[in-house]
Structures are given as structure tokens and as C-alpha cells.
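As given in TrEMBL:
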type: ACT_SITE; residues: B:206; note: active site, proton donor
type: BINDING; residues: B:11, B:12, B:13, B:14, B:15, B:16, B:17, B:18; note: NADP(+) binding site
type: BINDING; residues: B:106; note: NADPH binding site
type: BINDING; residues: B:191; note: L-homoserine binding site
type: DOMAIN; residues: B:352-433; note: domain 'ACT'
């Protein structure tokens with residue numbers, strides 16, 4: 001059978017780009033079967049075409065993006081450069097010229113999705129971005145298509161493998177944050193400058209993408225409350241374990257009464273929660289929708305192979321759609337509303353507080369009083385004197401308090417008050433939300 | 001904006017049918033937004049239109065299927081009758097006449113998918129069946145679309161909520177199989193005649209559907225080796241726990257060297273396996289693909305709400321596709337190969353055996369010898385004399401043996417030999433595979 005040819009280009013030939021090229025080469029026959037098309041890699045944009053790339057010789061490299069953008073025979077552009085610019089500009093130009101785009105770029109998708117959809121309207125071109133969240137885990141298209149009939153109530157994800165690896169090491173081996181980070185860096189799971197991951201910025205961008213799809217209203221990374229894992233200690237994790245909890249960096253989106261909560265922070269969840277057993281560098285996205293109830297999507301959230309899986313699967317769908325034009329459910333821009341995103345003070349959660357107080361009669365009563373004054377009721381209190389595991393605390397008692405569900409503003413007011421009780425409270429060691 | 005109208009019909013108004021109608025009524029506005037269409041329920045086929053249906057008055061009921069099949073203005077047929085006939089005939093006729101079908105019918109999809117796809121070719125109509133496996137869990141379309149670039153190696157599912165509920169009760173509370181079954185029946189999780197679930201037949205049909213999609217080759221329920229949970233005891237579960245395992249009824253599909261393994265049976269998996277924490281009536285499908293690696297899809301596998309989620313999401317996709325014709329990746333029949341399905345004797349696994357032997361010197365040696373003779377090497381042996389927990393065993397010793405990976409035929413030969421050693425082996429209590 002004579003096969004129609006569909007020409008496409010790739011922007012960027014780093015780790016992910018090479019993974020995609022490799023998968024395309026290995027699965028040529030399967031792609032023929034599944035698409036009925038001859039998918040032809042027409043151009044690959046690189047910064048330096050003369051650089052040796054062992055194992056990737058003979059590719060149609062170019063350093064000039066106009067050879068791609070100005071070539072009408074190129075119908076699909078696969079963008080794997082990462083970062084905002086020049087990727088954003090290239091994507092917008094490709095879409096305006098009617099080229100469908102497939103992208104793994106969470107930065108552009110989180111902050112500039114509107115630019116892309118607007119450009120796509122002009123060029124009548126489509127946007128595929130499965131690889132931008134959760135690596136190889138199918139999540140974007142399932143949310144847009146297989147769960148399309150649901151009103152989504154909640155999305156809760158472990159969407160950053162670096163921090164999940166660090167927290168898993170801390171939990172399983174009692175490592176300090178610094179030790180676990182160094183280990184992650186040595187293994188290549190964490191960047192030399194880990195800020196983007198450990199401060200939760202990467203997770204916040206992915207959450208913005210997920211919230212926008214789930215709640216049909218645009219959520220930008222700047223609207224997401226973001227708190228990293230750098231202040232987590234093995235001691236907090238150990239206390240959590242006593243309560244039956246596991247500590248994770250969670251990306252949480254909720255819709256409550258037409259308003260959206262969007263926050264990334266460390267959180268305790270029950271050890272029986274489906275997300276609790278997601279260990280190491282794995283990712284998972286847990287959702288609650290009506291009427292589907294709870295669902296969870298689990299897999300490898302990063303790496304050349306999983307990312308290539310998502311990119312090439314998107315390419316298959318893009319090629320099939322290009323062959324038979326007509327917009328599909330998964331391609332539509334589903335922002336229909338402008339829902340308010342709550343400032344963190346208005347969100348509600350349970351809280352775990354660990355603090356050191358003067359080990360004297362009446363300390364606990366005075367502390368508990370502060371909670372009551374701000375309408376924060378306590379669910380559990382654990383008092384441990386300094387003891388052998390904290391010998392340097394002298395006359396201090398360590399207290400762990402767990403609240404019922406309260407508004408964040410009230411909890412913060414309690415914490416401010418506690419910090420001013422210098423005759424009673426020596427320090428507030430940590431405040432961690434409890435979810436699930 | 002003037003909306004185009006898309007007329008569809010529903011066959012069957014049982015629990016699932018009512019759930020679908022309810023969701024359609026509740027989500028009218030969202031369906032408009034997401035499809036740009038006015039989805040109009042034109043007819044509902046029921047057996048007795050005069051039967052009172054409180055809360056479902058005013059529906060366009062009919063007892064005559066030809067009012068649906070012969071009406072060219074009805075573009076989509078949603079089949080929720082279940083069972084083979086007359087559902088199969090109605091679906092085939094609808095497809096031949098160019099109507100896209102959405103079905104939750106695993107029986108028809110597992111055994112008659114070819115009839116449907118052939119009819120769909122004639123009528124140029126599509127087939128959506130997300131609800132046929134895993135209830136509300138997105139799995140069919142993710143496998144066909146978001147994972148399309150992968151070569152799938154393995155699919156392993158907990159796809160029957162009834163048996164998972166029973167096994168969870170047995171594991172958590174030490175209930176016997178009979179007690180747990182009665183409880184499940186009292187709660188409505190198990191049918192009065194539970195055969196279809198507890199013997200693994202339901203899971204086998206779902207596995208046939210999953211294998212056909214994953215391995216691009218038709219697997220029928222009759223090709224699936226099927227073993228139920230009726231012989232599982234709390235004692236086996238307890239021994240498994242000592243080895244760090246959890247017992248599940250698994251639906252397992254593998255492709256090895258171009259041949260397919262397809263089997264449903266109780267199996268131990270490590271408690272750290274992603275499937276191990278899938279408890280109660282939840283379902284999950286775990287897959288391994290190249291290059292995506294491990295993924296898992298988790299959620300409610302049954303019930304009116306989850307099933308309605310899958311059906312109405314399919315309906316949205318079907319309507320969008322009908323509006324803009326042209327076959328999509330997810331709709332294509334992806335059977336390209338005829339791979340051999342291995343008879344159970346040729347499959348490979350690890351095995352747990354529990355038996356009672358005469359408590360005399362040399363017993364164990366004689367038993368171990370039988371394993372060696374058939375090339376089955378042992379990984380672990382636990383010997384426990386009768387003791388207080390089995391006082392009626394008198395002079396018997398309970399033995400648990402765990403093998404390395406062996407071919408099933410060899411293991412069965414060992415079991416046959418053991419059963420003939422009447423002077424040494426009092427009985428072989430159970431043989432359970434160990435996976436993962």
C-alpha cells in the first residue's frame with residue numbers, strides 16, 4: 001500500500017530530543033501500522049550542526065529555524081528545547097502558519113498557553129503537550145478526553161521526581177535533607193542548582209497546567225502558593241509516621257464553591273492514601289471527579305524514554321488529525337471560566353506544628369490557649385520532654401500539635417502569637433499541612 | 001451561538017443506564033461547552049415502557065429497537081444492556097448503518113470485537129468502549145492513544161472489584177473465603193450467584209480486551225487460562241505476609257518473544273508493588289511498556305457513577321468525531337498480528353506450594369528430591385510442625401516451598417508426583433503463583 005507522507009520537524013536535540021529520534025527509528029514499522037502514514041523527519045533544529053553526535057549521524061540538521069517555519073511541507077513541529085525563549089516564539093510562529101505542535105515544554109504551557117491557543121486559532125492548528133506533566137504518564141489527554149464528562153473537584157500530584165526521591169530517602173533511611181540532596185545530585189536526580197525542584201517551582205508550573213485543564217479556568221504559576229522541602233527534617237517525618245502519615249511534596253488543586261485552591265507544599269498524607277506508596281523518582285497524579293470518584297495515574301515522571309513515549313504518542317495523534325482535519329476533544333482549549341484563585345490565607349487545611357517550649361507547669365495550657373483564641377481547635381497533642389534523643393534541649397519540652405481543619409489565616413495568627421511568647425515558646429520548629 | 005444538534009439513543013435503562021441519563025441531565029451545560037453541540041437523547045430502548053421509573057419520567061422510551069436503528073437522524077447508539085444477545089446484534093446493525101457506538105459491554109467486546117469492527121468498516125462508524133474495562137478508570141484510550149508509541153510488554157490488572165473486596169477482607173481481618181463472600185453479598189458487592197466473579201471469568205474477558213489492545217493481536221476469553229479465588233485460605237495469605245507478599249486476583253498479559261501469555265489467577269505480589277495497595281472494591285491496571293516503563297491506572301472499576309463517567313466521556317468524543325468525520329487513532333482497530341497465545345503449561349512463573357507431610361526424618365529430603373527431578377529449583381522452604389495453630393494435624397508437618405521461576409509444566413509434574421507420595425505427603429493444600 002502506498003503511504004501518504006507526513007513531514008515533521010524537531011526543535012532541539014538534547015537528551016529528550018535524542019530519545020525521541022531513537023524511538024522514532026526503532027518504531028518505524030509500528031508507526032506505519034498505527035497511522036497508515038510515512039512519518040518523515042524533515043529537519044532537526046540545533047544550535048551547532050557541526051558538533052559530533054555519535055549514534056545520531058545523518059539527521060537533517062539545521063541551525064536556521066526559518067528552514068522549518070517557512071517550509072509549508074512541514075506539517076508538525078515537535079518542540080523539545082525547553083525554557084521560555086526562543087521556544088515560545090517558535091511555537092507561536094509554527095501555529096500561526098498552520099503547523100500542529102507537540103511540546104514537552106511545561107514552562108511555555110504553564111505561562112503562555114493563551115498565546116499558543118490564540119496562534120492556533122489563527123493557523124487552525126493543534127497543540128499537544130502530554131509530556132509537559134508527568135513525563136510518560138498519560139494524564140493530559142485522559143483528563144481532557146476520557147474524564148471529560150466529569151466535574152473535577154480535586155487534583156493532587158507528586159509531580160517532581162527529584163523532591164520525591166529526596167523525601168523517600170529521608171523517610172526510609174532517616175537521612176537529613178542535605179544528605180539526601182547530595183545523594184540525589186550524585187545520582188543525577190537533582191541539578192547542581194536544585195532550586196527549581198526543591199523550592200517547588202517546577203511542581204507549581206505543572207500544577208498550573210493541571211488546574212487549568214481540571215477546572216476549565218486559567219491558573220498561572222504565579223497564582224500557585226509555593227513552599228519547598230528545604231525545611232523538612234527527619235524528626236518531622238518520624239513524628240508523622242507515629243500518626244500513620246507519609247510526607248510528600250504535593251501539588252494540590254481544588255475547586256470549592258466555584259473558587260480554586262492551588263498550592264505546592266510539603267504535606268502529610270495517611271499511609272493508606274494511594275499517593276503514599278509512590279516512592280523514589282516516580283510521579284503520580286490523583287484526582288477526584290464527579291461522578292468518577294477517585295482515580296490515580298502513576299509512572300515515571302521524567303527521563304528520555306518516558307518523555308519520548310509521550311511525545312511520539314502525541315505525534316501519532318497529531319499526524320492522524322492532520323490527515324483528517326477537524327478539531328478533536330483533546331485539542332480544544334477548555335478555558336471557559338474565570339474562577340478566582342484563593343490567596344493562601346483563605347485556603348483550609350489541617351496542620352501539624354512542632355515546637356519547643358519551656359518545660360514548666362502551665363506551658364501547654366498557655367500554648368493551647370493561643371489556638372483557642374484564634375478559633376483553631378486541636379485534634380492531637382504529643383508532649384515529649386527533651387530526653388535522650390534531644391539531649392541539648394536542656395529544660396525544653398518538644399510539643400507536637402495537630403489541628404482540625406482551619407483557615408490558613410487563623411493558623412498563621414496562632415504561629416505569630418506563639419513566636420511572641422518568648423517566656424514559654426523557645427522556637428516553632430516546623431509547620432506542615434496534613435491532607436487527604 | 002446556534003448549536004448543531006447531535007441525536008443519540010440509549011439501549012437499556014438499568015442501573016448504568018440511569019446513571020448515564022442522570023449525568024447527561026446534570027452536565028448539560030458542560031457538554032455544550034465541551035462539544036459545541038446540543039446532544040439530544042432521541043430514544044431509550046427498554047423492555048417495558050409502561051414500568052414506573054421514579055425520577056426518570058418523560059424520557060423518550062421505546063420497546064422497538066427499529067425506531068432507533070432505522071432512524072438516520074440518530075447518529076450515536078449508547079449500549080448499556082449487557083450480555084451477548086441481543087446487544088451484539090443491535091450493535092452490529094447500528095454500525096452497519098453508520099451509527100457510532102459507545103458500549104460498556106465487556107462480553108461483546110471480548111468475544112465479538114471483530115464482528116463490530118467489520119460492521120464499523122461497512123458503515124464507516126466508530127466504536128468506543130472505555131467503560132468495558134476498569135469502570136471509570138481511563139485505560140482503553142490511554143493505551144490506544146497516549147501510550148501508542150510504546151511496545152507493550154506486560155499488562156497486570158486488578159480488574160474485578162468483587163474478588164478484590166473478598167481478598168482484602170480475608171487479608172485484613174483473617175476472614176475465611178466463605179465469610180468474606182457472604183459479607184460481599186450482603187453489601188451488594190457480590191451477586192447471589194458469584195460464579196462469574198469468583199471463578200475469574202469476568203476478569204478473563206477484561207484481560208482479553210486489554211491484551212488485544214496491548215499486543216496488537218486478538219486474544220479471546222477462551223484463550224485465557226482462568227483460575228478463581230475459591231481455594232484461597234487465610235493461612236496462605238498469612239504465609240504470604242511472612243514473605244512480604246500480598247495476595248490478589250490478577251489478570252496478567254505478557255508478550256515474550258512474539259508470543260502472548262494470558263492468565264487470570266490468584267497471585268502473590270510484593271507488598272511494595274504498586275498493585276499491592278489497591279484495596280477493597282478498587283481496580284487498577286499496571287502496565288510495562290518500552291520506552292515508557294511502568295505505569296498504573298487506578299480507580300473505581302464498577303458502579304453507576306464511574307461507568308457513566310466513561311460512557312459520557314466516550315459520547316463526547318464520539319459526538320466530536322461525528323461532527324468532523326475522519327478516523328482517529330483511538331477508534332482504529334489495532335489488530336495487526338496473529339500472535340500465538342501460550343497454553344498455560346508453557347508459561348513461566350514462581351510458585352508457592354503449601355503441603356502437609358508426615359513429620360518424620362527424611363520427609364523434606366524426599367519431597368525436595370521431586371522438585372529437583374523436574375528441574376524446579378527451590379528458593380525458600382519453611383517447615384512448621386503442626387503446633388498449636390493446627391492441633392488436628394497430629395504427626396503432620398506443614399511445609400511451604402517457594403520455587404524460582406520455572407515452566408508451569410514442570411511445576412505441575414512435581415505436584416503430580418507429590419500427590420502420589422502417599423507415604424510422605426498427606427496432602428497438597430495449595431499452589432499459588434508468585435508474580436512481580
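Just so it is clear, glycine is given a Cβ too, placed from its N, Cα and C backbone atoms.
Of all the binding-site residues listed here (B:15, B:18, B:106), B:15 has the Cα closest to the Cα of residue B:191 (L-homoserine binding site). Look at residue B:12 (NADP(+) binding site): DSSP puts it in coil. By neighbour count, meaning other C-beta atoms within 10 Å, the densest spot among the binding-site residues B:12, B:14, B:17 is B:17. Neighbour density at the Cβ, taken as the number of other Cβ atoms within 10 Å, is lowest among the binding-site residues B:13, B:16, B:191 for B:191.
Cβ-based neighbour count (10 Å, all protein chains) for residue B:18 (NADP(+) binding site) stands at 19.
DSSP places the residues of the domain 'ACT' (B:352-433) in helix, strand and coil in these numbers: 27 helix, 34 strand, 21 coil.
Ranking the recorded positions B:106, B:206 by the number of CB atoms within 10 A of their own CB puts B:206 at the top. Listed in sequence order, the residues of the same chain lying 6 or more apart from residue B:15 (NADP(+) binding site) and placing their CB within less than 8 Å of its CB are B:304. Counting every protein chain shown, 25 other Cβ atoms lie within 10 Å of the Cβ of residue B:11 (NADP(+) binding site). Put simply, B:206 is the one of the recorded positions B:14, B:16, B:18, B:206 whose Cα lies nearest to the Cα of residue B:106 (NADPH binding site). Residue pair residue B:13 (NADP(+) binding site) / the residue listed as 'active site, proton donor' shows a Cα separation of 23 Å.
Sitting within 8 Å of the Cβ centre of B:11, B:12, B:13, B:14, B:15, B:16, B:17, B:18, and not among those site residues for NADP(+), are the Cβ atoms of B:10, B:19, B:20, B:80, B:81. Put simply, residue B:11 (NADP(+) binding site) is 21 Å from residue B:206 (active site, proton donor) when counted between their Cα atoms.
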